[in-house]
């Protein structure tokens, strides 16, 4: 049948961890712990969505971070430096990720509604398997259990922005066509992943990395501040090629209804 059969969901900032704070805070701490180099939360957010080793590599290439590194060490960051920061990052992230495993508001009800429509729930993450093996059961205790998940280091081909994790979900879930899948993510590399996999893509402008606020801060934010942050996030997600941008996963059923109508007219992603 010519309709959406599966959604492939990101984790932090999409289904759990409103604002995607678990990884950002740990990047700051890992740089500090490994080399006594300071980076800001805003800098830590810039490459979000990549695998974590690649994320650290991208952070080292940010002009401001590279300038600090050069001032301290007289050279740019090396692969060995990235390895050292990653080695500091991993135990910190494994220890902390369960503290950020609660589903974002609306996720549980949305998943139930999608399943009632016969839609399968795939997922993938920029987290490596060692982190996911802690996060997945912790999220399950809170009621979020996707049908499948893939970690960024699971596949020999690699992770985002390549299509491989999304396509592995297609295989595992037995979906007949990538055009019948929606990739949902709060960061640009995840949107690119979906596009590279030939899927419809939906960006989340409020719940995730680009908006970058805690749930409590969001609840007390003025309408003006919300609008400014939403526009900033949405512009980045649309620039990455997202077919749709909405606030959070709770808005997804309406988007899928719209996509189903387009599929019925013969449209493709």
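Numbering starts at 1 and runs along the chain as displayed.
Cβ from N, Cα, C; glycine included.
Same-chain residues at least 6 positions away in sequence with a Cβ under 8 Å from that of residue 10 (Mg(2+) binding site) are, in sequence order, 49, 123, 124, 125, 184, 185, 186, 187, 190, 208. The Mg(2+) binding site feature in Swiss-Prot is assigned to 10, 12, 186.
The active site, nucleophile annotation in Swiss-Prot covers 10 and is backed by sequence analysis.
The active site, schiff-base intermediate with substrate annotation in Swiss-Prot covers 52. Remark: residue 52 (active site, schiff-base intermediate with substrate) has 23, 86, 89, 90, 93, 126, 127, 128, 152 as non-local neighbours, by Cβ distance under 8 Å and separation of at least 6 in sequence.
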For residue 186 (Mg(2+) binding site), the number of other Cβ atoms found within 10 Å of its own Cβ: 34
Cβ packing number for residue 12 (Mg(2+) binding site), 10 Å threshold: 30
Coarse DSSP state, helix versus strand versus coil, of residue 52 (active site, schiff-base intermediate with substrate): helix
